[in-house]
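So the structure is just underneath, and the comments pick up after that.
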Amino acid sequence: MDQTMTQASDKEASVADKLQYMPGFGNDFETETLPGALPQGQNSPQKCNYGLYAEQLSGSPFTAPRGTNERSWLYRIRPSVRHTRRFSNASYPHWKSAPCLDDHSLPLGQLRWGPMPVPDEKLSFLDGVRTMTTAGDVLTQTGMAAHVYVFNEDMVDDYAFNADGELLIVPQVGAIRVFTEMGIMDVEPLEIVLIPRGMMFKVLRKGDEKVWRGYICENYGAKFTLPDRGPIGANCLANPRDFKTPVAAYEDKEAPCRVHVKWCGKFYVTEIGHSPLDVVAWHGNYAPFKYDLRTFSPVGAILFDHPDPSIFTVLTAPTESAGTANVDFVIFPPRWLVAEHTFRPPWYHRNIMSEFMGLIHGQYDAKEEGFVPGGISLHNMMLPHGPDASGFEKASNSELKPVKLDHTMAFMFETRYPQQVTKYAAELETLQDNYLECWDGLERRFDGTPGIK
């Protein structure tokens, strides 16, 4: 399969309108843009076809167990040692890393923000990242950071890789084209894309929006994988065949370019004379992918009670403690509500985990007002949360007939570590000072006498 990034610098590069992908999660893929570019029967021949260089990209230690051992072999125009020169310091002041204990006056509490404002200035994807929370420690490769992004300009001659973690990108407004070393992916709202740790990429705009906006989970820990299904069995939730990895593509461009690097929480930049996206063929299991959230097959209660939200886990990044995630990516998709004699929305809750929520589309069933597409809520560990007063009244008194919860897609980045709010988030103009008032109408009903009140 052949997709070649050309030297075109506009946002619609001259590649096939319909990009090609390989289905599967964690597969050992192989793909080449030119016939015979991929060596057969070995990884590192004395001389590669087409004058290419062989290079391995490792996503795990060499001695990791086979089931978690990840690496890919890349056959490229230049080796990666030519894609960096002497580094100089770079500044992205709004992109923070854990631990980030910013000095601000915002006290502890349940928090909610409206959508990110539209920028007045020109911003690329890298320029437009704004960190809302951090958790854990980037130096020990534990925890995560939750970001929002808003941009209106392409990365043309700018490229980046993140040595601190993998990037899970969740578009909310505007489709994006993600060029990586290993291929091209077009990603629209209601899809996600994952860029592995250390992989070179750039992000371009698709379509004619005024602004491109979304969310990012920067996972410092073990990489995202599919959760175990347990008694659910072999099917449902996120099925492996619905994950799409791009076929090989390369950009043969000789022009001044900049490579931006995030390493141990700091940023650096280096200048080179060519595109680093020059992989002509590759094989392996360390690769980017995209996933359409609309293909998630939810399970739920079909008689009574509301199940735990863990049944909506798309991806999980585990820790050494079984069942305790460094970070989970959870969605709340369209689904049927059929439980009898049951309060159907999510129940009131205090949790050891810390929950960062966003809304891609529609309305969230536990919050009918205030939580809007592009917005954010943060419920840190052991802080109570649950349906607002109007949602409680509606769910407590509605007829319990089958109802389809439709035209909605909320998500959650949930971590075992407390999420520290950044100074930027604490002072953001869209912070809703009246959020706690959504529970003010939940009055005492108990009077000591038996009966349903």
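Glycine residues also receive a Cβ, built from the backbone N, Cα and C atoms like all the rest.
Quantities reported herein were computed from a predicted structural model and do not represent experimental measurements.
These come from Swiss-Prot:
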type	residues	note
ACT_SITE	HIS306	active site, proton acceptor
BINDING	HIS349, GLU355, HIS385	Fe cation binding site
BINDING	TYR364, HIS385	homogentisate binding site
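Structure coloured by features recorded in Swiss-Prot.
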| residue | record | Cβ contacts under 8 Å, 6 or more apart |
| --- | --- | --- |
| HIS306 | active site, proton acceptor | ALA339, THR342, PHE343, ARG344, PRO345, PRO346, TRP347 |
| HIS349 | Fe cation binding site | PRO384, HIS385, GLY386 |
| GLU355 | Fe cation binding site | SER377, LEU378, HIS379, ASN380, HIS385, MET412, PHE413, GLU414 |
| TYR364 | homogentisate binding site | PHE332, MET357, PHE371, THR408, ALA410 |
Discussion item. Return the count of C-beta atoms lying within 10 angstroms of the C-beta of HIS385 (Fe cation binding site), excluding that atom itself.
Written reply: 19
Worksheet item: Can you list, in sequence order, the residues of the same chain other than HIS349, GLU355, HIS385 whose CB lies within 8 Å of the CB centroid of the Fe cation site?
Response: PRO346, ARG350, ASN351, HIS379, LEU383, PRO384, GLY386
